[in-house]
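Participant: I'd like to ask you about the structure that follows.
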Amino acid sequence: MQSIDLRLPSTSANHSISESLEHSKSELNELSNVSESESYFDITKKLHALSTVVQRQQREIDNQKRDLCTKTKHIEELQTLLSNANIMSDGASSQNDAFAHNPSTSVSVELVRPVVGTKKHAVYATSAPKSMSLQDSLSVPSATALADVSSSLNYSRKLSSNSIKSTNAPVFGTAVKNVTGENILSASSSEENLNSNRNGDPKFRFSVSPWISSSNFNPYEASLANFQSDNCKLKSHNSLPSIRTNVRYSNSKPSTPLSPEDVDLGTYTVKNRDSWSNEVNLSASTNNLSTNTSGTLKPYSLSSSRSSSYSKGVNSAASLQSIWETMNNSNPSVIPESTSSREPAARYRKISERNAVYDWNVIIDKIIVSNDQQSSIFLQQKLKISSYDMKQNIVDSIISQIHPLMLNRFGNFLVQRCFEHGTAPQIRQMGSAMLGNMLKLATDPFGCHVVQKAIDNVTEDIKLAMMDELFLTIDVTIMHHYACHVWQKLFETQWYEYPVNVMNRVNNALRGKWHEVAVGENGSLVVQNMFENCVEKDKRECIEEIIFHLDGIARGQWGNWVVQHMVENGQGEDLKRVIDALLNRAVEFSIDQFASKVIEKAIKSGPKNFISLYLKQITNARVDRTRQPLIDIASDQYGNYLIQQIIQLGQPAEKNLVITHIKKHMVSLRGSKYGQKVAYLVEKWNSQKQVSSVINYNCNTDL
């Protein structure tokens, strides 16, 4: 038990406080007599010091008052507990006397719950007791033996977070009437067996309550008090009346459980005693008791660590019955381990069986409604490994909901697998279902993939119908972020049964608009794809229009890639026309953010004579300025990369020409943020040239 210091504040402490107060008063008097000549600073300093002393003394007084209130409260609680202890001790003595003088009658035990403390902390008995049969072969033990065994049974248990804690711990008292010598509790087990059972559970710690040492101790109190468990907490409610529970012990063994209708919560009287099903055998040995209730025993103690009373009230008779069933079962029920973590694995193992048949529509609904990726993967695997008949059933279920699946994040993959594993009639049915929705599918981030897959698998008549529908909105779809990929797939498609010329129809639809398509982010990809996959006559009209508008296309963020493609892969007259267009605006293109990339591509991958032609254009001095365009390009944010490429990749004559012109403007280039890169490269090339010349001179002299 926690020791509590109940000493009141000593008179010496009070005397010291009074002396401090008198000392403070004297200081105030002295302060009042300060001469007028004393400085204001000294007076203020003394006032602050005095204020600090007064505050410290006031804190000491408050602390002593608080300690006094706490100790007074502890004294009142202990007095209440001691009075209740005396009442129960007197009751136990009267029970033992009654048992000793009248050993021939049947047993009737009345469980009385003494109310401890105020009404706020009152605890009521909340469990329906079961019929308890006592063994006839037991003999009356001595008072000493009962006390020893009861004290050994009444050990403490380490409290968990939800354990009952109370300094006013209620204990079921017992009033024994007409006790027989044959039906009394016996305690025959040894202390060693009990200790061995206790040591098996590390949660228990052992102590002997001071109540047990009383010579008037009643064994029934220990047994019943210990039948309080964490799992079966006895409940209370502030508004409930006092409850008295009458229990009669008999040798009968009822077979039907107690129904909620047999319990009256108002006075808690049992209407049908014969309906109690389970037994509480108070005469069980300590081994059985420790085995059957090791997880539910609670201490019978005055320890102050068990604070407050039980927390919640009783709401139904069913809850009362369940509490007593938990305590009275000889084999405590074991709560099955949760299988929630194993359910998904077991479920997927089951559904992965090769020929297992399920409601495919339910799984498809799960994909559409819940975006379930696992269901989509499962059906895709089924399409790969299942039998022919099962595949057809799955595909038929998918076709019935094909429109939402094609637009679904995970459902579109399932539809694509159906094009691979479905029969010809099913593929035709899926392709026909797409007609009338081509604009929506082609412009959808998931549907566009389904359309491309369908173009590879459907018959040409369905494919032609799809293309006809797309041509109705070619102005929108050919430059769309997703639909442009569908057009690229159409450009790559080979036609065998139908003499379809896609590019003729495309040129007719986009005549005069190719330069607009080429400068778009997605349209530029379409144009490049057409250059790679269409024959010369099909792409001629597009090429002519792009060369005519090459100035604007080369300066575009996306159009410059079209011109680069023509520079790298163009041939004959078309390439010559593109190079001439670039050289005519060489200076302007060299300092443009996007057109400079076209010039760089021409330096790296263009005709062999492009660098010489390019240098001729940028080294010609203008009439109004002595500084050559070469220096302006070398000092430009984008143009300096072009000069560096010429110094690194050009022919020796071309390199010498560039370096010769740059040396004349080294001061200007060194002062430029971007020109200094070119100046450094020129100096590096000069140093290497000097080293090589020295080596050559030495070699010649040696010879």
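Cβ atoms are placed via backbone N, Cα and C, with glycine included.
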Participant: Which stretch does Swiss-Prot mark as region 'Disordered', out of 50-75, 284-309?
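Facilitator: Of 50-75, 284-309, Swiss-Prot gives region 'Disordered' for 284-309.
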Participant: Please identify the range among 182-202, 245-265 that Swiss-Prot labels region 'Disordered'.
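Facilitator: Feature region 'Disordered' in Swiss-Prot: residues 245-265.
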Participant: Across the whole of the domain 'PUM-HD' (331-686), what does the mean pLDDT come to? Round it, please.
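Facilitator: Summarising the domain 'PUM-HD' (331-686) by its mean pLDDT gives 86.
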